[in-house]
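Read through the structure below, which is laid out as structure tokens, and then see the notes.
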Amino acid sequence: MLKILKYSFYDLMRSRWSYVYFLFYLALGFVLLFLNNDVSKAVITLMNIIIVLVPLIGTIFGVMYYYDSKEFTELLLAQPIKRSSIFLGQYLGVACSLTLSLVLGLGIPFLLYGLFKSNVIFDFSLLLVTGAFLTLIFTAIAFNIALSNENKIKGFGYAVLAWLFLAVVYDGLFLMSLIVFEEYPLDSFSLAATMFNPIDLSRTLILLKLDISALLGYTGAVFKEFFGTNTGLIISILMLLLWTVLPIGRLAYKAKRKDF
Amino acid sequence: MIQVENLHKKFSKNQVLTGLDLNIQEGGIFAILGPNGSGKTTLIKIILGMVIADKGTVSVFGKHIKNKWKYRQEIEYLPQIANFPGNLRVKELIRMIKDLRQQPCEEKRLIELFGLQPFMDKKLATLSGGTKQKVNIVLAFMFNSPLIILDEPTTGLDPAALISLKELIQKEKQEGKTILITSHIMQFVEEVADEIVYLLEGKIYFKGGISELMEKTAQTNFEHAIAAIATKKSNA
């Protein structure tokens, strides 16, 4: 598996897009920090961008890479390599190079700015950790969709729809349900609903770490009580892990049974 | 060397193999023939583990291949359509496959044989169909494995390359290897094959030597004998 990972990783490192993605974050980091002059605010702005953009890029790169490397995959399938190694290796190659672009692109400006001297280092690392998780999750979802759809256009469409649903539509449905059922106690419902969407989960996690939960009103207090504690943090991270492991598991399972 | 028992495979609604049994012993050149869509490539891909059979068992070198992958170390495969990652150079592709297989390898002789030296630094996407097929052949023959599977090896080759290919196949045969070939060029099959396996409607319709086949179909020409099987069946 490591060899496949190596080749996929090198392949991506040679492509222009990894650098574009890296430079984009680099520029974003510098602009936000040096125009804002306030690390906490920069972290919040970054969060808003990361929470939407990282899943989108993960989805699109995942689908594109899968379809693009189809020939490579077919070549590998006839070689003495385990099937799950081929697909997991390619997946990890994409996910790792995207994560690296994100972490380096944002990390460098923050380091230069003197992150270690400020007290937001923990918030910032949390931002990077959730960013990495979102990359892993959405690339895995994209690989799953591409594996199940021979037709490129269909696969691309479904992948973008999946992103749209989790990033936008889900929130809309969530809010609507809150309004419709506003007469009932909704604390545990909204907690659960947040848990079931990795984007919402990441957003809530970061917002509450940033101590601006007062803005969120009563629900915010409930959330604070849950997410603010160490147990809440651990459960959330576990949930993100679960979100990562499940699609990867399905990927390995499906890859074993597919005909090429 | 290869035992196939009661093999079934269906692609959505298209039943390709219906209870195919086949036994291929060690050594010699076996041509797998059959009309378009008779399941030749499917059979080969099942033997390679690229397609998963619905029913039936396949053993290669005396072991069941289900969920196994190590046995592919002993197989060299030439796919029907030479699809390579286009952004790689020929040199890099060969180096990569060598790195993945970690087996002794003699690519230099083959590269010279097919005159590929000027293309080593070219990207695969820029190569012509015939040159790609040559690269394909180099990749398939550069390891020293006892079983070689060639799916339409002659596609796009010029006469000189075709002669080299035939010599290469004969050389491998003399080393006692087992070679499976599919082809629609009957002249080529007649020249190289020791035994014919004819697939029809998802089953083995005929297995035996070329002379046997001519006797059976009462034809004097091999190409007509092969064509006769298909027409006789459809008339019946």
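Even glycines carry a Cβ here, placed using N, Cα and C.
Feature annotation from TrEMBL assigns transmembrane segment to A:20-36 (among others).
TrEMBL lists A:42-67 (among others) with the feature transmembrane segment.
The annotation transmembrane segment is assigned in TrEMBL to A:88-112 (among others). Sequence-distant contacts of the transmembrane segment (A:88-112) (same chain, six or more residues past either end, CB-CB distance under 8 Å): 1-9, 11-13, 18, 21-26, 28-30, 33, 39, 46, 50, 54, 57-58, 61-62, 65-66, 69, 73, 124, 127-128, 131-132, 135-136, 139-140, 143, 248, 251-252.
Beyond its flanks by at least six residues, the transmembrane segment (A:124-146) meets 39, 43, 46-47, 50-51, 54-63, 66-67, 87, 90-91, 94-95, 98-99, 102-103, 106-107, 110, 115, 155, 158-159, 162-163, 198-199, 202, 205-206, 209, 237, 240-241, 243-244, 247-248, 250-251, 254 of its own chain at Cβ-Cβ distances under 8 Å. Marked as transmembrane segment by TrEMBL: A:124-146 (among others).
Annotated transmembrane segment per TrEMBL: A:158-181 (among others), in sequence order. Same-chain residues lying 6 or more positions outside the transmembrane segment (A:158-181) and placing a CB less than 8 Å from one of its CB atoms are 51-52, 55-56, 59-60, 62-63, 138, 141-142, 145-146, 149, 189-190, 193, 197-200.
Taken from TrEMBL, the feature transmembrane segment applies to A:233-253 (among others). Through the fold, the transmembrane segment (A:233-253) approaches residues 84, 87-88, 91, 129-130, 133, 136-137, 140-141, 143-144, 147, 195, 198, 201-202, 204-205, 227 of its own chain, all at least 6 residues removed from its boundaries and within a Cβ separation under 8 Å.
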